[in-house]
Amino acid sequence: MRRHLITAAAATAAALALSSCGTTEPAADDAKSADSLTLTDGTGAKVTLKNGPAKKVVGTEWNAVESLISLGVAPTGVADVKGYKAWDSAVPLKNDAKDIGTRGEPSMDTIASLKPDLIIATTDLPAAAVKQMRKIAPVLNLRPADAADPIGQMTKNLDLLAEATGTTDRAAKLKKDFEAKLAEGRKALAGAGKDGAKYAFADGYVTGNQTSIRPYTDGSLIGAVNKKLGLKNDWKVKGDKAYGLGTTDVEGLTKLDDDVHFAYIGNKDDKGSNPFTGVLKKDKVWTSLPFVKKGNVHRLPDGIWMFGGTESMNQYVDSVVKALKK
Amino acid sequence: MAVTATAPATRPSAAASRTGAVAVTAALLLLVAALAVVDITQGTAAVGAPEVWKALTGRADTADSSVVIASRLPRMTAALLVGSVLGMAGAALQAVSRNVLASPDTLAVNAGSYAALGIAAATGVTLPFLASSGVAFAGGLIAAAVVLGLSGLGAGTVRLVLAGSALTLGLTAVTEGMLQLFPQETEGLYKWNQGSVAQNGFDGVLQMLPVAVVGLVGLLLLARKVDALALGDDAARGVGVPVRSTRLTAVVLAALLSTSAVTLAGPIGFVGLCAPALVRPLARKIRAFTRSRASLPVAGLTGAALVLGSDVLLRAVVPSDVAVAVPTGVVTSLLGALFLVVMAARVRDTAGAAQPDRLRIRSRGVFIGTTAVLVAALVGLVVAAVLVGDSKLLLGDVVNWAQGRAGQTVSFVLDTRVPRVLAALCAGAALALAGTLVQAVTRNPLAEPGVLGVTNGAALGAVLLVTTVPAAGSWTIAGGAFAGAAVSAVLVFGLAAKGGFGQNRLVLVGFGVATGATAVISMLIILTDPFNATKALTWLGGSTYGRTLPDVVPLALVLAAGLTVAVARRTELDLVSLDEDTPRLLGLNLSQGRFGFLVLSVLLSATAVAAAGTIGFVGLVAPHAARALVGRQHVRVIPVAVLLGALLVCGADLVGRTVIAPAQLGAGLMTAVIGTPYFLYLLVRSRHRP
């Protein structure tokens with residue numbers, strides 16, 4: 001024990017000698033001021049960008065990252081780059097963004113080393129972490145979702161990001177395209193006789209020998225889009241206050257109406273996230289559900305991020321229309 | 001330190017005993033059957049008692065009957081199977097180890113399975129059910145083998161529980177690290193770890209049934225030899241029972257039983273501990289139950305009643321959609337914790353005084369040398385912790401920063417990094433001091449704020465406050481943690497104080513409170529923030545993430561006060577830790593001194609939890625190691641333990657921040673990963689000592 005301690009002490013002493021004096025950064029100089037910009041973020045806090053619209057932006061949550069890329073801003077830093085690539089293929093990450101760690105605990109050191117003009121955080125992060133980020137750069141703290149008005153919250157965030165990056169024209173176009181996509185989808189569905197059709201969207205995961213189903217209620221972004229498409233959400237469970245997600249099990253699916261259309265998104269990289277083509281095939285409760293017997297179960301393409309921005313939702317609308325028109 | 005069932009004072013006649021046994025078994029069977037029937041009528045689908053009746057008599061429509069056949073019956077059967085299997089496994093383990101604390105939970109079987117599944121999930125391999133059962137089974141068996149191998153079969157029950165809980169902490173830390181690092185891949189695993197009896201059809205139950213039958217038959221065949229073990233190893237050998245092989249076989253069979261339960265439903269906590277304990281008082285009245293052949297099946301039935309009862313209770317109390325989200329294991333843990341506390345308060349603690357530590361007296365020179373080396377190592381580590389991180393700095397940066405001349409990036413990095421280093425240092429020191437005090441006062445080698453439920457109580461207080469008041473400041477969170485710690489400490493020490501801190505009673509009550517608090521925390525997380533488990537895990541994993549200087553202030557103040565008191569009253573600590581009689585002979589008021597030290601340790605652990613989350617192990621390892629290094633005088637133990645604690649947590653924090661940067665692991669997870677092997681090493685080494 002003692003010998004180990006001595007070795008440790010000696011090693012640290014050596015490390016100290018090696019690192020000795022020297023700096024990794026020159027001394028600070030005063031920032032020059034240009035036309036400054038003041039915004040109000042999702043928590044009501046005032047955020048000032050001294051040099052005008054931000055160019056080097058870091059995003060800690062995928063929905064913000066997606067919106068940034070849609071706005072033509074290549075993010076400098078992204079949390080969990082690998083996960084983003086697996087789950088959000090609608091808006092691929094084109095540049096070589098730096099991975100800043102996990103979405104729940106982004107690394108302060110890495111963010112600081114990127115010297116961003118702006119950090120996009122969400123209220124899912126601990127307040128203390130956001131407070132620290134404010135010392136690196138201005139922080140726009142977004143509300144990631146609001147079950148009271150999911151589409152409104154998404155576009156509000158998009159507008160805020162556009163303002164902060166000086167891309168409001170682009171945002172206007174994205175919103176217009178999204179509106180057009182909704183109208184077009186609604187028309188297509190009505191044309192196929194699916195106006196007012198009963199519809200239920202979910203995802204699910206398998207652990208051990210159990211299947212959990214996660215219903216997307218009216219309060220979810222997907223649920224709100226469905227409503228705009230003229231579909232009638234058939235879930236009777238209650239969702240949470242932010243994301244509008246409920247919980248149920250396979251048995252709970254018996255409460256869906258017989259003529260419902262059931263849709264889900266899985267992920268080929270994550271088989272546990274897709275019970276519908278797996279374990280449920282042998283589950284009597286599932287196979288005896290009227291909508292399963294009728295073949296009204298639709299697998300939508302992987303990589304549509306269910307909590308994303310306008311472009312993910314456009315892709316979602318296309319896939320729903322395609323699935324229901326069949 | 002085994003609490004053994006005392007021989008019955010009055011011996012009932014054999015015939016009366018047999019009738020009693022039959023009556024009790026019949027009553028239990030009836031209870032289990034009634035609970036099973038109620039369980040089938042509960043669920044998310046609108047299939048109640050009338051529909052179930054129709055389905056069972058073949059008159060229901062296909063939808064209803066498929067719900068009953070493919071969902072309700074499998075769930076009920078799984079609950080039955082899991083409960084009975086765990087009850088029997090616990091009974092067998094307790095019989096062969098002569099230790100009421102032995103159970104699948106304390107032998108790390110559950111933790112081993114959980115870790116194996118976590119690793120499998122994180123590597124992205126999605127396995128079919130049978131293969132994943134195999135993985136979990138292997139994990140559970142390996143964990144049990146390690147615990148038994150390290151503790152040595154029949155070599156003392158304290159060691160068994162120590163090794164088991166140590167490995168449980170370490171493995172759980174590894175798994176929680178996986179959950180943090182691979183949130184997508186391991187999604188649902190956290191919930192799974194609470195244990196839920198819901199099933200996808202009968203497949204799982206059918207696959208596990210043969211395993212359960214093999215385990216049960218094996219144990220029943222072994223029953224006579226197991227009974228002989230109750231007489232003591234020498235007596236058993238005297239009547240020709242092979243002690244080692246009997247014990248080994250029983251443990252393997254019990255591990256087989258409990259891993260089958262774990263793979264089927266996740267770890268349903270506490271059933272293996274409670275069911276046999278419920279049967280034990282019966283054995284005092286009814287002689288037939290003193291034999292394993294009778295008591296094993298009864299323990300199984302009791303286990304089934306516990307699991308089914310918890311499932312029925314959960315679904316009766318909360319709305320069905322919420323009940324889906326709350327795992328049955330949380331309810332059994334809560335019930336079990338409550339039961340354990342009540343049982344511990346009533347149980348007759350027959351444990352003799354602890355064996356005095358056979359530690360060499362160390363010279364003054366050894367103490368000074370050790371302290372000097374530790375101080376040097378700590379200084380080096382602190383400097384390294386400040387320089388090394390996600391972005392590396394040089395000493396000149398620190399000098400610039402100290403003089404307020406650093407550039408923006410450097411100042412920022414140091415502004416956030418220095419509070420984390422300080423929080424880790426102080427939390428480690430505080431936990432080590434708290435552990436030293438508790439171990440001295442209770443003279444219990446198992447005693448540690450974590451084991452005694454104080455840390456988890458503090459975490460519950462803090463989590464409650466954080467979930468209800470999101471904008472709580474550092475002093476408020478410290479206050480919440482202290483309130484939680486105080487409540488659990490009053491409960492634990494208050495109940496254990498009866499009869500002068502009986503050793504088993506203290507640990508039993510503490511264990512119960514710890515598990516109860518953890519179950520409530522899990523329930524809070526699942527109900528308030530179901531899609532943000534990472535946030536809660538960060539907190540529970542003992543992380544310094546996002547700490548600022550004001551967060552460290554309460555801890556630093558309490559630590560300074562604690563050190564002062566501990567050093568000032570070092571001789572009293574020496575006396576208190578010695579034995580029960582010496583202080584009394586010297587006219588010392590034992591209970592008052594003990595009370596003061598306990599309050600201090602509660603304060604220390606609560607503020608440490610508020611500043612850095614739940615960090616296990618330090619309070620256990622640091623005092624042990626300090627005593628091994630410099631002997632048992634507190635004037636020497638305190639500084640060395642405190643230095644070791646600070647080193648351990650600061651080092652763990654450094655490693656957690658850097659090895660997988662930019663992602664990071666909580667310091668608590670890292671201390672467990674570092675602490676477990678060291679602790680197990682200590683166990684092995686002390687085994688070879690004469």
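Glycine too: its Cβ is placed from the backbone N, Cα and C atoms.
Residues 12, 76, 79-80, 282, 285-286, 288-289, 294, 297-298, 301-302, 304-305, 308-309, 312 of the same chain, all 6+ positions outside the transmembrane segment (B:20-38), place their C-beta atoms under 8 angstroms from a C-beta of that stretch. Here TrEMBL flags B:20-38 (among others) as transmembrane segment.
Feature annotation from TrEMBL assigns transmembrane segment to B:78-96 (among others). Residues 32, 36, 39, 102-104, 107, 197-199, 204-205, 208-209, 212, 215-216, 219, 226-227, 229-230, 246-247, 250-251, 253-255, 257-258, 260-261, 264-265, 268, 271-276, 279, 292, 295-297, 299-308, 311, 328 of the same chain, all 6+ positions outside the transmembrane segment (B:78-96), place their C-beta atoms under 8 angstroms from a C-beta of that stretch.
Long-range contacts of the transmembrane segment (B:108-127) within its own chain (CB-CB distance under 8 A, at least 6 residues past either end) are made by residues 135-144, 146-147, 163-165, 167-168, 171-172, 174-175, 178-179, 181-182, 185-186, 189, 192-193, 255, 258-259, 262-263, 266-267, 269. Residues or ranges marked as transmembrane segment in TrEMBL: B:108-127 (among others).
Annotation comment: TrEMBL describes B:134-154 (among others) as transmembrane segment.
Listed by sequence, the residues of this chain that lie at least six past the ends of the transmembrane segment (B:204-223) yet keep a Cβ under 8 A from its Cβ atoms are 74, 77-78, 81, 84-85, 88-89, 92, 129-130, 133, 246, 249-250, 253-254, 256-257, 260-261, 263-264, 291-293, 296-297, 300. The transmembrane segment annotation in TrEMBL covers B:204-223 (among others).
Annotated transmembrane segment per TrEMBL: B:296-318 (among others), in sequence order. With a cut-off of 8 Å between Cβ atoms, the residues of this chain six or more beyond the transmembrane segment (B:296-318) that come close are 24-25, 28-29, 31-32, 35-36, 38-39, 42-43, 75-76, 79-88, 90-92, 197, 216, 219-220, 223, 268, 271-272, 274-276, 278-279, 282, 289, 326, 328, 331-332, 335-336.
Within the same chain, residues 44, 79, 191-198, 265-271, 273-274, 277-278, 306-307, 309-311, 313-314, 318, 491, 495-496, 498, 504-505, 508-509, 511-513, 515-516, 518-520, 522-523, 526-527, 530 sit at least 6 positions outside the transmembrane segment (B:324-345) and bring their C-beta atoms closer than 8 Å to a C-beta of that stretch. What TrEMBL lists as transmembrane segment is B:324-345 (among others).
Only residues 6 or more beyond the boundaries of the transmembrane segment (B:421-438), in the same chain, are considered here, and those with a CB under 8 A from a CB of the stretch are 382, 385-386, 444, 447-449, 452, 544, 547, 549, 551-552, 555-556, 558-559, 562-563, 566, 573, 597-598, 600-602, 604-605, 607-608, 611-612, 615, 618-620, 622-623, 626, 634, 637-638, 641-650, 652-654, 667. Look at TrEMBL and you will find B:421-438 (among others) tagged as transmembrane segment.
Proximity of distant same-chain residues to the transmembrane segment (B:475-494), defined by a Cβ-Cβ separation under 8 Å and at least 6 residues beyond the stretch ends, is recorded for 341, 452-462, 464-466, 469, 501, 506, 509-510, 513, 517, 551, 554-555, 598, 602-603, 605-607, 609-611. The feature transmembrane segment is assigned by TrEMBL to B:475-494 (among others).
Taken from TrEMBL, the feature transmembrane segment applies to B:506-527 (among others).
Sequence-distant neighbours of the transmembrane segment (B:595-622) (same chain, 6+ residues past either end, Cβ-Cβ under 8 Å): 166, 169, 173, 423-424, 426-428, 430-438, 440-441, 446, 448-451, 454-456, 458-459, 461-462, 474, 477-478, 480-482, 484-486, 489, 493, 538-544, 547, 551-552, 554-555, 558-559, 561-562, 565-566, 569, 573, 576, 641-642, 644-645, 648-649, 666-668, 671-672, 675-676, 678-679, 682. Positions annotated as transmembrane segment by TrEMBL: B:595-622 (among others).
Here TrEMBL flags B:661-684 (among others) as transmembrane segment.
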